[in-house]
Amino acid sequence: MGRLVSYFHNVRIWVRLGVLIWLLLAVAWSGMIVWAAFEQRDTAVEQAEGFARSLHQSTLAGLTTLMITGQMGQRDHYLEQVQELGSIRDLRVLRGDGVARQYGEGKANEQPRDGIEREVLESGESWIAEVDGGASLRAVIPAYNREDYLGKDCTMCHTQAEEGEVLGAVAMRMDLSGVNGAVFDFTRNIFVVAILISLPLIAAVWFFITRFVTNPLKDMTRGMDEIASGEGDLTHRLPVRGKDEIGEASAAFNRVMETFRDLVSRVTTAVERLGSASDELGHAAHSTQETGSKQRTQTDQAATATTEMTSSVQEVARNAQQAADAANQANTNANQGAETVRETVQRIEGLADEVRKGAEAISDLEAKSTDIGRVMEMIREIAEQTNLLALNAAIEAARAGEAGRGFAVVADEVRNLAQRSEQSTHEIDGHVAALQSGIREAVGVMEESRQQATSTVEQAEAAGEALRSITESVATISDMNTQIASAAEEQSAVAEEINQNVSTINDTADENASHAQRSSEAGEELARITHELQELVGRFRI
C-alpha cells in the first residue's frame with residue numbers, strides 16, 4: 001500500500017486527475033448499471049409473479065368450465081395445452097381434502113410432492129419464490145371454496161367442503177431464462193452506452209485539465225526551473241492570469257520570490273557582517289590560545305611548587321607527630337620516674353623513721369645498760385660487803401673455836417659465794433662496758449644513717465620536683481608538637497586544596513585552550529562557510 005501511494009505521488013497531476021475521474025465515472029456507471037439491472041430483473045420477476053397469478057386464475061377458470069360441461073376427464077389435456085406456453089415448465093393442479101372427500105384422492109400428479117405444497121394446502125397461503133439459482137420461478141397458489149370466487153359459486157358443486165376451505169392449489173414452474181437474458185442484454189447495452197458517453201466526457205475533462213491546470217503548472221514549473229538553473233534572477237515574476245487556484249499559486253509564488261529577494265538581500269548583508277565577525281573571532285581565538293598556553297605554563301609551575309610545599313609540610317607534620325609521640329613517651333617515662341621517686345622517698349622516709357626508732361631503742365638500751373652497770377656496782381659493793389662480813393664471821397668463828405666450826409664453814413661458803421659474785425660482777429661489768437661501747441657505736445651509726453636518710457629524702461624530693469618540672473615541660477613540648485602537627489596537617493590540607501585548585505585551574509586552562517583551538521577551527525570553518533555563502537548569495541541578482 002505504501003509503495004502504491006508513493007508511486008501514485010510520482011505520477012503527473014493530469015494523469016492522477018484523469019484516472020480519478022475515470023474511476024469515479026466507472027464506479028458511478030457501474031452502480032447505475034447494477035441498480036438498473038436489479039430493478040429491471042425485479043420488475044421482470046414481479047411481472048412473472050403476476051403472470052403466475054393470472055395463469056392460476058385462467059387455469060381454475062378452464063377447469064371450472066370443464067367441470068360445468070362435464071368434461072373433467074379432459075383436464076390433463078387442458079393442462080398440457082396450457083404448458084405449451086413458452087415460459088411454463090410444469091403445471092399441476094393439487095387436490096385438497098375437501099375435494100378428496102367428495103370426489104376421491106384423484107391422480108398421483110394431483111397429490112402434494114413436498115412440504116411446500118402441503119404447507120400451502122394446509123395454511124391457504126400462496127408461496128412464490130425463485131428457485132434453481134434464479135433460473136426458475138416456482139408458484140403454489142391455493143383455491144378456496146367460496147360463493148363468489150372468480151365469478152363462480154364454488155359451494156354449489158363442492159357441497160362437502162366448508163365455505164372458505166382450501167379446495168386445492170395450482171403448482172407451476174416458470175422459466176426465467178428469458179428474463180435473465182433480457183436483463184443481460186439490457187445491462188450490456190447500458191454498459192456500451194456508458195462507454196460511449198464516458199469517452200467524450202473523459203476527453204473534455206482531459207482538455208479542461210490540460211488547459212486550465214497542467215499548462216499553468218508547467219508554466220510555473222518552467223519559471224521556477226529558470227530561476228533555479230539560471231543566474232539566480234530574483235526579479236523574475238510569474239504571470240497571474242486569473243483568481244483561481246493556479247492564479248493564487250502564481251501570486252503566492254511571486255510573493256515568495258519577493259520575500260526571498262528581501263531575505264537574500266538581508267543574508268548578503270549578514271554574510272558580510274559574518275565575515276568580519278569570523279575574522280575577529282579568529283584573532284580572539286588565537287589570542288585566547290596563546291594566553292591559555294601561558295596560563296598553563298604558570299599553573300604547571302605553581303602546581304610543582306605546591307606539590308613540593310605539600311611534601312615539605314607533610315614531612316614536617318610527620319616529624320612533629322614523631323616528636324609529639326616521643327614527648328608523650330618521655331612524659332610517660334617522667335611520670336613513671338616521678339612515681340618511682342615518690343615511692344622511694346616514702347620508703348626512705350619509712351626507713352629513716354625505723355632508723356630513728358632503732359636509735360631511740362638503742363638509746364634506751366644504753367640507758368638500761370647504764371642502769372645495769374649501776375646495779376652491778378651495787379652487787380659488787382654488796383659482794384665486797386658480804387665478803388667482809390664472811391671474813392669477819394670466819395674470824396669470829398675461829399675465835400669461837402670448836403663451837404664456831406659450823407659457823408666458820410658457813411662463813412667460808414658465804415665468802416666463796418661473795419668472791420664468785422664479785423668475780424661474776426667484774427665479768428658482767430666488762431660485758432656491760434663492751435655492750436655500752438657497742439651501743440654507743442650503734443647509736444652513732446644510726447644517727448649517721450638517719451642523717452643520710454634525711455639527706456637522701458631531700459635529694460629524692462628534689463629529684464621528684466625536677467621530674468615534675470620535666471613532666472610539665474614535656475607536656476608543654478607535647479602540646480606544642482601536637483599544635484605543630486595539627487597546624488602542619490591544616491597547612492597540608494590547604495596546600496592540597498591549593499594543589500587541587502591549581503589542578504582545576506590547569507584543567508580549566510586546558511579546556512580553555514581546547515575551546516580556543518575549537519573556536520579557532522570554528523572561526524576558520526565559519527570563514528570558509530562565509531566565503532561559500534558569499535559565493536552562493538553572489539549568484540542571485542536582487
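Yeah, the Cβs are placed from backbone N, Cα and C, and that goes for glycine too.
Listed in TrEMBL for this protein:
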- 295-307: compositional bias 'Low complexity' (COMPBIAS)
- 317-338: compositional bias 'Low complexity' (COMPBIAS)
- 211-265: domain 'HAMP' (DOMAIN)
- 270-506: domain 'Methyl-accepting transducer' (DOMAIN)
- 465-519: domain 'T-SNARE coiled-coil homology' (DOMAIN)
- 275-340: region 'Disordered' (REGION)
- 13-38: transmembrane segment (TRANSMEM)
- 190-209: transmembrane segment (TRANSMEM)
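As a whole-number mean, the pLDDT of the domain 'T-SNARE coiled-coil homology' (465-519) in this prediction is 73.
Outside the transmembrane segment (13-38), and at least 6 residues removed from its termini, the chain residues within Cβ reach (under 8 Å) are 183, 186-187, 190-191, 194, 198, 201-202, 205-206, 209-210, 213-214, 217. Each residue of the domain 'T-SNARE coiled-coil homology' (465-519) gets a DSSP state, and the totals for helix, strand and coil are 55 helix, 0 strand, 0 coil.
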